[in-house]
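In Swiss-Prot this protein carries:
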type     : residues : note
SIGNAL   : 1-16     : signal peptide
CARBOHYD : N46      : N-linked glycosylation site
CARBOHYD : N68      : N-linked glycosylation site
DISULFID : C83-C176 : disulfide bond
CARBOHYD : N129     : N-linked glycosylation site
Amino acid sequence: MVLLLVLGLVLSLATAQFNLHTAVRRDYNLARISGTWYLDSIASDNMTRIEENGDLRLFIRNIKLLNNGSLQFDFHFMLQGECVAVTMVCEKTKNNGEFSVAYEGKNKVLLLETDYSMYIIFYMQNIKNGTKTQVLALYGRSILLDKTHQREFENICNLYGLDSQNIIDMTKKDFCFL
């Protein structure tokens, strides 16, 4: 009987160990997303805006939760062939994981999914001159994410009407990546 209890405990602990990186899709602990991130993939329904020199091709390097619940993003983007560093604050809204910012129009930024330790997926809706653009971005804590996270990102893109032709692998694309 004791042997069965010990075996059950060992199996429970082993199962818990494999679920350390469970995806979170709501009720985010925003303090846990603070830190360094690397852009892995980006997708949009307007490819011009995320292609080289596109105004929405942003390489987040660091995220910081501010005291008021807003997020500070330190990122880079290409401007006339040069990698330029910029800091931007996305203001929190009444919804957990939702933020707003004025950049190249009006933007709603949603944290879609994260496990805090490996990856994070953001959705941004930009409205510029009456035109709506969707952008999704996959970031990792390390420079290269595994294929599992990339497949999950592709599945989420599909939910927003974007297929594999709308996704750019950013790990091999720009000077701003490193």
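Every residue gets a Cβ built from N, Cα and C, even glycine.
Feature annotations (Swiss-Prot) mapped to structure.
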residue: N46; record: N-linked glycosylation site; CB count, 10 Å: 17
residue: N68; record: N-linked glycosylation site; CB count, 10 Å: 8
residue: C83; record: disulfide bond; CB count, 10 Å: 14
residue: N129; record: N-linked glycosylation site; CB count, 10 Å: 6
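Taking only the Cα positions, the spacing between C83 (disulfide bond) and N46 (N-linked glycosylation site) is 22 angstrom. Calculated from their C-alpha atoms, the gap between N68 (N-linked glycosylation site) and N129 (N-linked glycosylation site) amounts to 30 Å. In the three-state DSSP scheme, N129 (N-linked glycosylation site) is classed as coil. Reduced to three states, the DSSP call for N46 (N-linked glycosylation site) is coil.
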